[in-house]
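Per TrEMBL, signal peptide is recorded for 1-23. Look at TrEMBL and you will find 70-90, 97-117, 123-142, 167-188 tagged as transmembrane segment. Annotated domain 'Oxidoreductase molybdopterin-binding' per TrEMBL: 243-390, in sequence order.
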Amino acid sequence: MAASPTSRRLAAAAAGAASAVLGAGLGELTAAVVAPAASPFAAIGSALIDLAPPWAKDAAIALFGTSDKFALLLGIAIVLVLVAAAAGLLELWRSPWGSVVMLGFGAVGVLAAMTRADAGPLDWIPSAVAGIVAAVALRMLVKRVPAGTASRPAESRPSAGVDRRTFIGWTAGAAAVGVLAAVGGTLLRAGASTVTAVRQTLKLPTPAVAAPPIPAGAELDLPGLASVVTPNESFYRIDTALIVPQLNPAEWSLRIHGLVENEVEITWDELLALPLEESVTTLTCVSNEVGGDLVGNAVWLGYPIRELLARAKPTSDADMVLSHSSDGFTASTPLEVLQDDRNAILAVGMNGEPLPAEHGFPVRMVVPGLYGYVSATKWVVELEVTRFDRARAYWTDRGWSERGPIKLESRIDVPLRGQGLKAGDVVIAGVAWQQQVGVEGVEVQIDEGEWVPARLATAISDDTWVQWSLAWTAEKGDHVIRCRATSKAGELQTEDEAHPAPDGATGWHWRTVSVF
Ligand SMILES: Nc1nc2c(c(=O)[nH]1)N[C@H]1C(S)=C(S)[C@@H](COP(=O)(O)O)O[C@H]1N2
Ligand SMILES: [Mo]
């Protein structure tokens, strides 16, 4: 059966897409076996994250929240398939240029993988496999595009064409093998992680200094209100790591160096042998919008960073600590914040268990009072004592402020957004925070009425958020509920609306409700 030029083109485009899926899938499988962190997708995705302009992180988080990574990978997959389809056409018209495009894809992956901060010597392999497989598959498939009346001279070679059925079978087969390989690679990577096994059997030492019990009055226990301690499973996750770094505690160490009199290196066993302290600290992301949920509170177990810095003895010209994670992320924390008496810790435990992998296993920083991007380095391996005028952190290079003290915020959790309410007695409730400073009070305004003080729950400490609630007799109709906090320093939460970039969002949180 003779195929029309249009169906020859369709066939070539399908061959392009299928070849790319086959290549990418085998690349993922290869990565799982030889270099888990160098998956072609993750390598290209990480490079895009690192190259993205400052507003892009903001936009991605605003659009996709903590699913931003999935959205990125999906976006890469869609672009890959579209470009690959175009490469299929190119191969049909101007062989071998379509295959050259595929090789180019592989080369981009190799480049991305080899320029990662923690790149290993084998990291070029997965993307090279992906590119070569895709290029070869494309050449073979396009040569066999079902014969037709050639519309251009370059399309001739109809003699090599196979029948339509066979062609569809091969193309679909290539795509299916690619998908299976990708799924297999992903499962293999997840299951084969020795670090997961190590973490599961790990027992943390009992704290030398236990946190006082959470005060009974700290948890109002209202449906829809964020619990005062956030379970690990629902704790927000924000980082630049497409593949969660897998650090084996047995191989982990932290080096303190730079402007210090004594370089200090501490291993996992040495860290665990120190008197560890429990503390409760609320973490907040600078990208959190007013009313957003990139904030969570946990009981951390760790060792004070000031004690380790005291061993290292920073020189008098130092004013900053640049913490490095194993994957190249860095955060700039003012030196004095890590030396004063707040609970700035190297944390190993979160809510009674070892840090979950996504939250920095085996060791991260937790620093009360500063946004995460300038303090909460996960998978931390190095503390470089330096100066603000000498070194810049990951997000500072991308337009964010070099210092990030947490701003005073309050949030309405209930009534839920869009929830219909029956007229009568209802409860309005939420949380408020300004770590290190503390919350003095929260006020609520209904429509354009008076600001009414809410009841504050018992605060765990000034380093944690505090719940608040207010009884309200709701009358029929649509209403606007607003809230604002006052800090223990006497500051009233500002009404001025600011975007998260460059140093944190401000404004009053409000919510509309319909009472019937
Ligand atoms: N290694 C590493 N640590 C990191 C980040 C990162 O991208 N990489 N992001 C920081 C940011 S912006 C925040 S808000 C907190 C979030 O910590 P969580 O994911 O445990 O909630 O981690 C911080 N530590
Ligand atoms: Mo953040």
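Backbone N, Cα and C atoms are what each Cβ position is placed from, and that goes for glycine too.
Taking every recorded stretch in 70-90, 97-117, 123-142 and counting its Cβ pairs under 8 Å to the transmembrane segment (167-188), the highest total belongs to 123-142. DSSP places the residues of the domain 'Oxidoreductase molybdopterin-binding' (243-390) in helix, strand and coil in these numbers: 28 helix, 60 strand, 60 coil. Same-chain residues lying 6 or more positions outside the transmembrane segment (123-142) and placing a CB less than 8 Å from one of its CB atoms are 12, 15-16, 18-20, 22-24, 26-28, 30-31, 34-35, 37-40, 43, 84, 87-88, 91-92, 95-96, 98-100, 102-110, 112-114, 116, 167, 170-171, 174. Mean pLDDT of the predicted structure over the domain 'Oxidoreductase molybdopterin-binding' (243-390): 97. When Cβ-Cβ distances below 8 Å are used as the criterion, the transmembrane segment (97-117) is approached by residues 12, 16, 19-20, 23, 27, 35, 37-38, 40, 43-44, 46-47, 80, 83-84, 86-91, 123-124, 126-132, 134-136, 138-139, 142, 326-328 of the same chain, each at least six residues removed from its ends.
Under 8 Å from some Cβ of the transmembrane segment (70-90) lie the Cβ atoms of residues 9, 12-17, 19-21, 24, 41, 44-45, 48-49, 60, 63-64, 97-99, 101-102, 105, 134, 138, 141-142, 242, all in the same chain and six or more residues away from its ends.
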